[in-house]
Ligand SMILES: *Cc1c(COP(=O)(O)O)cnc(C)c1O
């Protein structure tokens, strides 16, 4: 398979800043909460939720994470190629033909269906497997105890396979109402009771579970969104056991400032019309950078003041209304702190009617990531 080569916009004043110390503080705060001996695997799929996989992985490892979770095999291979030697678990589907590649690179993969065991071709190195139990998420995973036990037997019967882990995933851990969560937990515990021997890793917790249901951490947690300092949901934001420190900020700079007169229009469709004289600025960021078109109307921050995105968001540019004149080159905060005001990915998500996960994942590789450590 050929490697995709791409570029980053380092010659344009639009950038993401990632505070690696914040990521480390979030991991260490979580560690304090967990019973001794519980391991943290840092979830760094999707380019570490847009934060940059290699830098985040390094910072997480330094802070005490003992392994990584990724969604696809390519992400695991990318980490191996960069020199990471700790356990890496692929949570999602892979081509069965690539199981050999996973074994060669000592990458653990998830087994969730019986078809996996048919005609598997493997090298001499053992393939480490985590058996996924579907206790109610309805996504990947064996649905019944019988199927789980059969899979465990099949692993035991094949010397090339190693039963390294068993896990499940909760559908409602980020909600205050816990009855569905309890049902899933109960189902997982009942499957575990059927095992003659538990594997090295038994895990169920995503961030929400690790924050609110420490009893369900087993011996490893899969820490994603909380590690980036973002709440798993707005609903539980006021019940969090420690303060999450957001790691990602997004900045741009004013490229042009102009004064509009009453009746002047702005952007495609000329949908915005100035009602009075006003200062507006053109900013070099648009939907191709992940600032989605629906951000029209959202307020970014200029010099500690809100500045509304007026008219339509373009592919590479937006226009904002200023509270006053500011010179070209003035820094604009889209996510982050400006004066006494703050914008988080969660604020942006609420405006768009989505979740913070989708906001940070959407920032494209065109936006360079700068790291503070
Ligand atoms: C993405 C993912 C996680 C991490 O979830 P967060 O809510 O970001 O902590 C954990 N487990 C599985 C199976 C996942 O797909």
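Glycine is no exception: its Cβ is also placed from the backbone N, Cα and C atoms.
Note that this is a predicted model, so its numbers are computed, not measured.
Here's what TrEMBL has on this protein:
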- 45: active site, proton acceptor (ACT_SITE)
- 268: active site, proton acceptor (ACT_SITE)
- 139, 315: substrate binding site (BINDING)
- 247-372: domain 'Alanine racemase C-terminal' (DOMAIN)
- 45: N6-(pyridoxal phosphate)lysine (MOD_RES)
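Structure coloured by features recorded in TrEMBL.
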| residue | record | Cβ within 10 Å |
| --- | --- | --- |
| 45 | active site, proton acceptor | 19 |
| 139 | substrate binding site | 11 |
| 268 | active site, proton acceptor | 10 |
| 315 | substrate binding site | 11 |
Tell me, what is the mean pLDDT of the domain 'Alanine racemase C-terminal' (247-372)?
98
Compare the Cα of residue 45 (active site, proton acceptor) against each of the recorded positions 139, 268, 315 and report the nearest.
139
How long is the line from the C-alpha of residue 139 (substrate binding site) to the C-alpha of residue 268 (active site, proton acceptor), rounded to the nearest angstrom?
41
List the helix, strand and coil residue totals of the domain 'Alanine racemase C-terminal' (247-372) as derived from DSSP.
24 helix, 50 strand, 52 coil
